[in-house]
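Trainee: Below you'll find the structure I mean.
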Amino acid sequence: MADLSQPLLSQREENKPIDHSPESGRKDTKALFAPDADDIPPINTTRDFYREFCIELKKLWYLAAPAVFTSVCQYSFGAITQLFAGQVSTIALAAVSVENSVIAGFSFGIMLGMGSALETLCGQAYGAGQLDMMGVYMQRSWVILVISAVVLTPVYIFSAPLLKLIGQTEEISEAAGVLSIWMIPQLYAYALNFPISKFLQAQSKMMAMSVISAVAL
């Protein structure tokens, strides 16, 4: 137990002047911000800036280019479907557009939002070196999203009455309802695809995602 009679500061420390000079602040700053091997060298000239800019740009596009390609492939699924539907008839084109934007779009937003939680969990596990937990998180996400897909399945089954309820014409609603029945496997594909994509994205394996998207397209 500390001696209460002993002063907190000795007489020598009390009489010691406080150094307010700029040099003392620089010493503290150097101690707090010590450079390491990952820091870039000081940029003093335009050539140094251009060199570091090119290095960082390569690192950025190494991850961004496969991600952009993956997004383009995923968007092309619906676009190509509408393109072929437009060659059939106007009603078929309208049915595909309504199914993609209303029924599938509603389910896509819910499934993507729930699957995005895995991105944070896998990122934390990968950063902490707990690679086994990444697989556990992905399996749990599969279970949760499959259950969510089961809950959303009636939206696909009864899409025709729902579309009529919100004011869509009867002919387009019936055609979109038939298409929605055939698109039920897409809902369960979301439940498996989103966790896998977040699992690979947390490990910066963007090239694998782009290859899978290209093969599927």
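Cβ atoms are placed via backbone N, Cα and C, with glycine included.
OK, TrEMBL features for this one:
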type	residues	note
REGION	1-31	region 'Disordered'
COMPBIAS	11-30	compositional bias 'Basic and acidic residues'
TRANSMEM	60-81	transmembrane segment
TRANSMEM	101-121	transmembrane segment
TRANSMEM	142-163	transmembrane segment
TRANSMEM	175-196	transmembrane segment
Trainee: Same chain only, please: residues at least 6 beyond the ends of the transmembrane segment (142-163) with a C-beta under 8 Å from a C-beta of the stretch. Say none if there are none.
Mentor: 98-99, 102-103, 106-107, 110-111, 114-115, 172-174, 176-178, 180-181, 183-184, 187-188, 190-192, 194-195
Trainee: Please report, as numbers and ranges, the same-chain residues at least 6 past the borders of the transmembrane segment (175-196) whose CB is under 8 Å from any CB of it.
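Mentor: Residues 91-92, 94-96, 98-99, 102-104, 107-108, 111-112, 114-116, 118, 138, 141-142, 145-146, 148-149, 152-153, 156-161, 163, 168.
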